[in-house]
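For reference, the structure is listed below as structure tokens.
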Amino acid sequence: MLNFELLTTDGNARRGRVTLNHGVVETPIFMPVGTYGSVKAMSPLELNEIGAQIILGNTFHLWLRPGLDVVDTHAGLHKFIGWDKPILTDSGGFQVFSLGELRKITEEGVTFASPVNGDKLFLSPEISMQIQRTLNSDIVMQFDECTPYEIDGRPATHDEAARSMRMSLRWAKRSRDEFDHLANPNALFGIVQGGMFEDLRDESLAGLSELDFHGYAIGGLSVGEPKEDMMRVLEHVGPRLPAHKPHYLMGVGTPEDLVAGVAHGVDMFDCVMPTRNARNGWLFTRFGDVKIRNAAHRNDPRPLDEQCGCYTCRNFSRAYLHHLHRVGEILGARLNTIHNLYYYLELMREMRTAIEEHRFEAFRRQFAENRARGTR
């Protein structure tokens, strides 16, 4: 089940509400990434406390470990991981195609060597839909080929991007057919591909629109292309997605990327950046980024961000976070992750309010000014 309400707009920025089988998601929203069914360093209780409304799981990795038999004994991923709110799962395609020479692509699907034990495995649109049905994810993603930015060390050509995109379209039809055959009560999103070429993106979107997915994602960005190319494609595709369906930008990105995405009509985002950077001591604030390992923070009694309401900023100094990071304490990674995810979710809350009050462009200007100012 998916019901999408477009509550208001401000330019191309959209304020919406997505109702799914496990709850309601207010958009624009950021989805923390829980690759193996766990958002690294965070408990479900902590995710609830910072305002997470939906998380992302990884079909490919959960299929390999713990395996569908384990998840099935819990009647799905929600009970297995102790999370009662919505979950989106990707199709597994991106991970398979990231295996490089370890995989072989045919029209039927992808044969590859398991990165866990070397076993020969096969993944297709049908199998991806079956896995995601067992996981019982609220939002299922079609199986697609993520067109790489580079092939053999050079940008993909128009012909290469076209072949990849058209196979993804054929796989979209097979994904839709299998999703319907399984009588999956959840939602299925199609993924717009086409590389860096606007005409191919248009062809992809036209084909996907005929299949009437519950929502539409922009794939194949933040895969190594220059930032200006990413923004050019985003600016072209975002406003062209069906207005009455939710829009999802996959795997992107920085706080600046999120604000730009919302400006171009995106409703949903995911990225490992806030959690991965947190574990590496790279912290986001409204006034720029803090590299907590730097000696400048050794004796700094201030919080990361005096305007931040997260548990970390309310209770701990930069000096303490610096100390934890330098000695490799687990608590450091946890406190850093709490802060970074809170910052991302607070940024989305602020954008929702700005759109409701029809002052998104003013918010966008102030956001850029604050981030450029840097921490002091």
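Our numbering is plain: 1 for the first residue shown, then up by one each step along the chain.
Cβ from N, Cα, C; glycine included.
If you check Swiss-Prot, you get these features:
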- Asp90: active site, proton acceptor (ACT_SITE)
- Asp270: active site, nucleophile (ACT_SITE)
- Asp90, Ser91, Gly92, Gly93, Phe94, Asp144, Gln193, Gly220: substrate binding site (BINDING)
- Cys308, Cys310, Cys313, His339: Zn(2+) binding site (BINDING)
- 251-257: region 'RNA binding' (REGION)
- 275-279: region 'RNA binding' (REGION)
**OP:** Restricting attention to the region 'RNA binding' (275-279), give the mean pLDDT.
**Re:** 99
Original post:
Near the Zn(2+) site, what residues other than Cys308, Cys310, Cys313, His339 in the same chain have a C-beta no further than 8 Å from the centroid of the listed C-beta atoms?
Top reply: Pro303, Leu304, Asp305, Gly309, Tyr311, Thr312, Arg314, Ile338, Tyr342, Tyr343
**OP:** Specify all same-chain residues, apart from the site residues Asp90, Ser91, Gly92, Gly93, Phe94, Asp144, Gln193, Gly220, whose Cβ lies within 8 angstroms of the center of the Cβ atoms of the substrate site, ordered by sequence.
**Re:** Phe97, Met141, Gln142, Phe143, Glu145, Cys146, Ser168, Ile191, Gly219, Met250
**OP:** Could you check the binding-site residues Gly92, Gly93, Gly220 and say which one's CB has the most other CB atoms within 10 Å?
**Re:** Gly220
**OP:** Give me the Cα-Cα distance between Cys308 (Zn(2+) binding site) and Asp144 (substrate binding site), rounded to a whole Å.
**Re:** 39
Original post:
Sequence-remote contacts (6 or more beyond its ends) of the region 'RNA binding' (275-279), Cβ cut-off under 8 Å?
Top reply: 32-33, 39-42, 333, 336-337, 339-341
**OP:** Check the Cα-Cα distances from the residue listed as 'active site, nucleophile' to the recorded positions Asp90, Asp144, His339 and tell me which is shortest.
**Re:** Asp90
**OP:** Find, among the binding-site residues listed as Cys308, Cys313, the one whose Cβ has the highest number of other Cβ atoms within 10 Å in the structure shown.
**Re:** Cys313
Subject >> Listed recorded positions (Asp90, Ser91, Gln193, His339), ranked by Cβ neighbours within 10 Å, top entry >> reply: Asp90
